Amino acid sequence: MRQFLLFIIIIIVGLTFIGRLFYLQVYNLEGHNLFDDNAIRKVYDYPKRGFVYDRNGKLLVSNQPSYDVMVIPREVKPLDTLEFCSLLKIDKEQFNKIYKKAYHYSPRLPSVFVPQLSKEDYAALQEKMRKYEGFYIQKRSLRDYQTTIGANVLGYIAEATPYQIENDPYYNMGDLIGKQGVELSYEEELRGVKGIKFIQKDRFNRDIGPYKDGVYDTLPKQGRDITISIDSELQKYGERLMQMKHGGIVAIEPNSGEILALVSAPTYDPNLLVGRKRSRNFTKLYNDTINRPLIDRGLLRMHEPGSPFKVFVALVALQENAITPQTTVFCNGGYNYGGRKPMGCHCGGGKRDLVLGIAKSCNSYFANAFRKSIDMYPDAGNSMDIWSNHMKSFGFGDFLGYDLAIGKKGNMPNGAYYDKWYPDFNWGATTIISNSIGQGEVLVTPIQLANATAAIANKGYYYTPHIIKHIEGKPIDKKYTTKNQTTIDPKHFDPVIQGLFDVYNNGTAWFLKVPGIDVCGKTGTAENFTIIDGKRTQLTDHSIFIAFAPKDDPKIALAVFVENGYYGARWAGRIASLMIEKYLKGEVTLKQMEQMVLDKSLEEEYAKPYSGKPFTINN
Amino acid sequence: MYRETNRHFRFDWITIIIFLLLVGFGWLNILSASHVGETIDYFDFSQPYGKQLMFIALTVLLIILILSIESKFYERFSSIIYIVSMLSLVGLFIAGKNVNGATSWYAIGGMTIQPSEFAKAATALAVAKFLSDLQTDIKNFKDQIKAFIIIAIPAILILLQNDAGSTVVYASFFFVFYREGLPKIYLTLSLLLIFISVSSLKFGATITGIVFTILILAYHFTRRKKPRILQTLFAIATCLVLSFGIKFFYQNILQPHQQDRISLWLRLEKDPDKIAQMRRDILYNLYESEKAISSGGLTGKGFLEGTRTTGKFVPEQHTDYIFSTVGEEWGFAGTTFVVVLFVLLLLRILHLSELQKSQFSRVYGYSVASILFFHFMINIGMVMGLIPTIGIPLPFFSYGGSGLWGFTILLFIFIKLDSNRINEW
Ligand SMILES: [Zn+2]
């Protein structure tokens, strides 16, 4: 035993060392790379961020240089703080605060000390930078908006958050990253790849020279320019029409799915979110809870679809052979389905077939069509599932899959949905009859409505809506060039389209005709409730309109949603006509209508719930 | 006739080859750790790598000298060698040169000599001589004291010169004494002392005191033949005194930088920011050396390619921290190679020691293995952060003439003694 003690200890120590070395050098290897090595200075070279053009080649977004003062706390040497502060235009207290924060983030990694210097400050500082060890100037490029429109579509860039930095090794403290709109959706294409130079330091932090003669250095890769499908003229016009109103306009080119305009009102000037003033302006926009300018209403505003939904109810009924185009209903001012109170109808009354039913927006006709669809099968739940699936084939009830990062699913109820609602009640068509006129549990977003309208224009299919038209040197995602077929047979669309056309002839939008263009459309109104002082209170209805044109070769399909705009034809319908004329003709002849829309302010309506005083609605 | 023709085979070539590999590989790493700029002038004696080359050359002469002296000489003159060596240590108090706070050097001409590096071999000879004396019995308490004095003299002299690292090495003689019959109780007590110290610092003195009290009582009551109650109470008192004493020693006697070394080693500090701070400020070398090692990966960055080595991030890298250069430039392959070489060398020496016919040779061989083992364990353990920082060189590897010569003398006296074993056949 005595002979072996040292033998054994030597072997144990040897194995422990090898184990520890294995851990440090092999197992733990992930932990080490050039980037972690503080013996190597990393100098980043940021590439040009890709430009953004509109569908007609008009430059919307370019770049401007910007200079950040960076700090590596560990390398900071005692300095003349007063002089340095005066150059940076900060006071001593701020200096200490920022320094502490940077040190807390990491003593050895660079942090932004003062972001986005003005050109003058930069010039003054550049000369003297050498004196301040541990500080350096990092050049970056900021966005330079060539336009004041489309803030919601274009989005903005800002410093990557600590969370993003942690999750994507590409980003460092102070790097800019797309936060919304196409800046976010096409971040990787737009940003390019930053270049990096590795510089060997000695322990006194002096540069010795390029690390390994620069073999690991990379050149920056320029960002790709992108062309978006937005027609900036149309977008601008839409934003003008929506001034002093809240709501959204989504216009889509039916035969491609390209989004021609995505208006959200109220909007803001994208230039507000550039540079040093960005965070102050952002806070201001964020805190504007009445106007909520940061919410893209075209994508996020869920609402009851109202009457335009009747068109889809009709299409499903036709597909399920619940009705034929010749099916007639006699409307006597309401539809009595055995409920407590018959469903009212303001169509004027009389004998309605499908085409006239659509044109006059007869509630009775679609209540009947819906009821027949649900009564097709013995089990209402089963019928509702079938009905729901037809609806979903138009893109309702789920995210559409467009290339903007925000959206809402909406709601398209099925059998299970109502089983949950009425657990011990044998519900049937009449229980859920208000869905037939778009006022039940169905919820949609403007872009879903616009897309479904495009599917009608195409007689049964749609392309997933998208904002991208072209990426420099790279094809766009295949899913945007693949047809999505609806479950409705193309032959059923003809009578429906005729009905939509008659809306402008002898229907609810007869006064909204666009000279020389055959427009198909449908008015809609959605009831509007809010909570005031804990009480459910009704506000003025939302004004809704869907349309496409020209009838025989659709070039544009759109949905317009005007909050508190009252009945559909009133504001949404007018805006739809003006948008269609603007897009198809390039100019607007409906001058009187245009003036009326431009002059109309709904701000008084929006202020009502906040006024604290009694108010009237729908006037 | 047979003996004459095979004269050079009498030496243990395995040991010599390992020695050559270590010295050669060590020099390559010193070159990497100390060269500056693009060109390397191997005979630039102003540079550590150039000087080390000269030291190595002189080592060859030293080896020839050691091997040509008659084996009996070392045994016969061991006492004189020991006394001369101790006097050289004492002389430091009069003529010593202060380098980095330690008065461990004589300046002779342009060179500096560190007598403590030679004292290890001298002490090993003295210990071997003493233990192999027929009158000596290490089981005897009086002889234990004598043996202890032999190693205590150099240890205390060196400690007085502020070279704590070299002092610790003398603890390695414990293995020698144990091999030669030191009672087991010493082993038990040493282990107990280590346990109580670590436990008291890590888990607190009170908990340690309670746990050990319970253990001792349990021992007392479970033994069939009951130990005397006084003995048990004495053991408990000792444990309590130790556990609180260690804590007190750590908190009130150790200097802050020593506290931090231990704190970092035992991971006593929990606040990660504070740990990082300690690593940066107090243990800069260790922090950088660990990073250098782990940056090497499986196969390393390549000879002369280590960024931390060429950036001179690790101070003293060519001396005590030379292993971090191996780690960075040669990777896991290189570090394992060095560890395996050392383990083979140590096991070989132990094996040869056990084969010795004379007790003097065996004890001496055991001493050599123990001393080298301590250096190996403490140096590499330190560079990797496994044990607190204690500055001692890696044998044959680290830069420095005295160190290299000291270890060479230590090893080659044994090789000479061992060759004599074969002679006796
Ligand atoms: Zn009617």
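All residue numbers here begin at 1 and follow the chain in the order shown.
Even glycines carry a Cβ here, placed using N, Cα and C.
TrEMBL has this to say about the protein:
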{"type": "TRANSMEM", "residues": "B:12-32", "note": "transmembrane segment"}
{"type": "TRANSMEM", "residues": "B:52-69", "note": "transmembrane segment"}
{"type": "TRANSMEM", "residues": "B:81-99", "note": "transmembrane segment"}
{"type": "TRANSMEM", "residues": "B:105-127", "note": "transmembrane segment"}
{"type": "TRANSMEM", "residues": "B:148-173", "note": "transmembrane segment"}
{"type": "TRANSMEM", "residues": "B:185-217", "note": "transmembrane segment"}
{"type": "TRANSMEM", "residues": "B:229-250", "note": "transmembrane segment"}
{"type": "TRANSMEM", "residues": "B:330-351", "note": "transmembrane segment"}
{"type": "TRANSMEM", "residues": "B:363-390", "note": "transmembrane segment"}
{"type": "TRANSMEM", "residues": "B:396-415", "note": "transmembrane segment"}
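Taking every listed stretch (B:12-32, B:81-99, B:363-390, B:396-415) in turn, the largest tally of C-beta pairs under 8 A with the transmembrane segment (B:330-351) is reached by B:12-32. With Cβ pairs under 8 Å as the measure, the transmembrane segment (B:396-415) is packed most heavily against B:52-69, out of B:12-32, B:52-69, B:81-99, B:148-173, B:229-250. The stretch from B:12-32, B:185-217, B:363-390 that makes the most Cβ contacts under 8 Å with the transmembrane segment (B:148-173) is B:363-390.
Within its own chain, the transmembrane segment (B:185-217) has Cβ neighbours under 8 Å at 174, 177-178, 232, 235-236, 239-240, 242-244, 246-247, 250, 262, 266, 268, counting only residues six or more beyond its boundaries.
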